[in-house]
Every structure is written in structure tokens, then in C-alpha cells.
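Q: Grabbed the feature section from TrEMBL, which reads as follows:
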- 2-316: domain 'DNA-directed DNA polymerase X' (DOMAIN)
- 52-71: domain 'Helix-hairpin-helix DNA-binding motif class 1' (DOMAIN)
- 92-111: domain 'Helix-hairpin-helix DNA-binding motif class 1' (DOMAIN)
- 127-146: domain 'Helix-hairpin-helix DNA-binding motif class 1' (DOMAIN)
- 340-420: domain 'Polymerase/histidinol phosphatase N-terminal' (DOMAIN)
Amino acid sequence: MNKIDELAQAFTYLAELLEIKGEVRFKVNAYERAAELIRAIGDEIFEKDNVKELRQFPGIGEGIAKKILEFKETGTISKLEELKTEVPIALISLLQVPNLGPKRAKLIYEELGVQNIDELREAAETGKLAELRGLGPKAEQNILEGIDHIENISGRMLLHKAYEIQRDICSLMSEALPGLLINPAGSLRRMKETIGDIDLLVGCENSRLVMETFLSLPITRRVIAKGDTKSSIMTAAGLQVDLRVVKPEQYGAALQYFTGSQAHNIRVREIARKSGLKVNEYGVFTVKDNRCIAAEDEAGVYAALDMAFPKPEMRENQGEIEAAIEDRLPALLELADIKGDLHSHSDWSDGRDDLEGMRAAAEARGYRYLAITDHAMKLKIAGGLERERLIEQVHAIRELNARGDSPVVLLTGSELNIDNDGDVDYDEELLSLLDVTIASIHGGLRQPREKITKRIIKAIRNPDVKIIGHPTGRLIGQRAPYDIDLRAIMRAAAETGTALELNSFPDRLDLKDENLRQARDLGAKVSLGTDSHRSNQLEFMFYGVAMARRAWLEIDDVLNTMGLDGLLEWLWAGRKKA
């Protein structure tokens, strides 16, 4: 997309988000018209340096001109970035789809609870979209074509979607060939936040049978390449999958080699050379007589080099080699260490499931607790709870807990809004009813660095705020992080004992891995929350744990590895409780 298209798209996006918010039609029309004018004018629009010159173009008024200049200078429009924080993340995701539009996106979101493009595809393929008023089979097909378009041009896919595809492929392959040795490799095995393509590795003597099975999978859109030991397909979702077959006795070496990263493997080879060894995808060999001393077992490859086994998520050449040599690798966080989810939404605000449904899903995951943190009152578009409504919810949660029919305790809570002054929605009296208090930025995202940093730090210093939600505000591939002094924020969090969230929603994964590691080094506690708006989204905790592992986090670094009693003691420390 060239700059003119990006500028026009920004104005189209403005119009769509305003329409979703119910803005008066003439404002929506003004931005739609601006997008058309920008495309018609073309590159000449960027040759103008001030409002007066831009207003020479017919139809360009002062307000539009100022936004064009802002885009020219910053690459975005502050009004657009603010609107992105005021509209539910699910709707922002859906608006990427050509042939959908804001009215349909809002209808689908409200009627079917569709949260992302995966669920939109499922609704279309099962005929649910065609059943909605104002749609029908033709509109449904157009929407499917729009989904195909964005998936084919995006280049990279979010981790959760790629992981689900490989899981399905591995399951299908294992069903067809029981006992098959198959694993992901590459960036997917290292759990990077976006994936370019999927690498799979199989250990089997009968490569022909493996390839025949792989190339005939029902998810295959087309075969890209076919070979005796390596083949590639394009899936129906538009993602390339490469499958390689090696001999079982060489599987460990191949898995180590093809997992990467490249930088990690270069360092491994350097270590090997110093010991008179060489390492490749076939094994570890002595340089002197080319004798293989390790190949079948991946851990054995590292052991042959006198190294402890670094987990795949760590292999980015960021100190793991030295730690493995010195046998001081951390005991990384495991999914089983998580005792509960500290960020979820119910149908009291913009979630889709009731309290009992959310609790049942938490129980199915073996949790001890689940925080219900519906939106606070200032975020009206997300159904933020007014004071009386929040008190009602607190009573409902307490009554549900009092029944004693579940091992899961629901924690009262709220996702508070950090306003322009750094204050939050409710007073101390109301906050004294809440176990979990998350404070998040939902407006003023493009304020100056000093201003937005000051807002967050003021919230951190509020004794009734225990967690800062999605601290950088990024949406992967959709919205850049706020311009903030993250190090200062981390220091303030460590000083006050405020946790920083690792928001595990796949579009966010915020804080990202390098930020998490910095937070740990500065002494800040990390809280994992899925930001679930449906009960099945509690499974997103898996991806949060993956990011925590990439950051080398251990049990003691993470708030919700605590048992219930210890957690409650931490949450109420320094606060007044009603």
C-alpha cells in the first residue's frame, strides 16, 4: 500500500469507527468523502506544506487539511488512534475485512458475538451470517472473499492462528499415521508473536507415505512443492506449511537445527568448534574422524557440547548459550503454574457469557480463581458499569461464591480507565469493594510522551490500583505502542508493588517478551490476564505463558501463580477493604 492509499484508508477508518459509535451522519460522510478526494488528488497532496495550500483543493476543509498534515508528519492521525481505543478490539479486527463495513461488523458483533476474523470465517462457513437481517448468502460469500483477501496479503500471521493450524495438521497426520513423530520447528516452536510460515519436522523411515498423507490433507488449498523429503502446501487460510522428513535416528539434531534461531545456531556451532566438534542437522560429529556422538535426542545434542538444555522459546542468542554452559538456565513458567486468570469480562459489560459460564470455564481449566474485571463507567461504548450497577455485580459475585458449588472463587474487580489527569473512574469507597483493580489507558493515546507517561505513573501510585492493563496499548499489526517512558513506568511499578500486565489476548500480547524481561530485571511483578470476552477465550492464557517463557520468567515473577490466600493478601496490601 502506497502513502496515498494509507492516508485515504486512515480517513475511511475514521468514518467507519465514527459510524460504529453512532456519530451524526454528516461527520461520517465528511471523512468518507475525504478518502475519495485524497485518492483522486493523488501524490500532489503531499507536496502541500500548510492548511492554506491544502484548502486549494476543492472539498478539503480546514479540519481535513490539519489531519492530512498530521499524517504527513507522524504517519497517523491522533483522532483515529483515540477512536481505536474507544471501540471494542473485536470490531477493530473485523473492520479489516473488505466487503464487511461498519454496520455489518457491528451487527455481527452484537448478534453473534464474533470476536475476530477466525470466528467471522466460521460464522460464514456455517451459514450463520446469511441468517442475519440485511445479509444473506451473497453477502456471506462476499465476506468470505474479503477474509481470503486479507489473509493472503498480510504476509505474517498471528501466533495463535498459526499454532492452531499446525495443531490441526499434526492431529490429522497422527490420526492417519498412528505413532508418527511430528513436531513444529522454526519460529512457531520458539513461539514468536507472528509467524511467516509453518515448519514441521517428521522422523520416519517411510518418507513417501508421510508425503502422500501430507499432500492429501483436507486443509490444502494447493501444493507448492513436492519432494521425497520436503514438501510445501498452501492452506485454506493462506499460510504456507513446509514439512520435512528425516531419519528417526537423526531427529533430535534436525529438530535442534530447524528450530533455530539462526543466531542461536551460529553460537552453538562456535561452541562446538572450540571443542573439536561440528554440528549440523544430521548430528554432532567429531572433526577429527567425523564420528557421530549425538543425533537422535535433542537434549543429547546440547549435552554433547557440555550444555544444559535451553527451552525452544529461549533460543534467540540473548544469553541462553552462556546460561546453558554455566548450568544456570531458569526454570521457566509453565501453564500448569497458573492458578487463575486476572482479567476477564462478562455479559455485565461487553463480554458474551454470564458469571456462571465464566466460572465453569475457569473450573474446566483447573483454576482456583477468576477475576471478573468488567469495564468501568467511563468506557460507555463497551458497556462500562455505572456505580450502582457495579455494586449489583459485586453482590451477585458474592452470592455465587457463597453457594460453595465450585472450587473456583470469582474475584470482584474492574478494568478502570486512566483519564487525562491520571485518575480512575471510581472513588476509594467503591474501590474498597473490589479485589482486583486493573487500570488501563483507553483514550488520549497520542498525547506527548511526557504526558501519557505521567498519567500511567500517577495511576501506578494510586494505592487502589494494583495492576496496569495492556501497558503499551499495542495491537499487533494494527496499532503501534504508545510513546511512553516504559523504563520509568517499570521502575514506578517496582517501587509501589504494582503489577504490569501481560495481556494474553492474541492481538495484544502486551507487554511483549523483551519488555517483560526488562520489567523482571527492574523488579516489577507481572500479572497474566487473557482479557477474555468469552468463556472459551480463557485458553488464550497459553499464549501469555509462551511470551512469559520467551522472557525467561519464572514462577516467582508472576502474580497469578500465587494461591488464593496469598493473592488476596497481595491485592489488599495497602488498601482499605469494605
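Count begins at 1; order follows the chain as displayed.
Every residue gets a Cβ built from N, Cα and C, even glycine.
Describe the structural surroundings of these features, if you would.
A: Counting same-chain residues at least six beyond the ends of the domain 'Helix-hairpin-helix DNA-binding motif class 1' (52-71), those with a Cβ under 8 angstroms from any Cβ of the stretch are 7, 10-11, 30-31, 33-34, 37-38, 41, 45, 77-79.
Beyond the ends of the domain 'Helix-hairpin-helix DNA-binding motif class 1' (92-111), by six or more residues, the same chain brings 13, 15-17, 19-20, 84, 117, 120, 123, 129, 132-135, 139, 142-143, 145-147, 149-150, 475, 478, 507 to within a C-beta distance below 8 angstroms of the stretch.
Helix, strand and coil counts from DSSP across the domain 'Helix-hairpin-helix DNA-binding motif class 1' (127-146) read 10 helix, 0 strand, 10 coil.
Here the domain 'Polymerase/histidinol phosphatase N-terminal' (340-420) is broken down by DSSP into helix, strand and coil counts: 29 helix, 19 strand, 33 coil.
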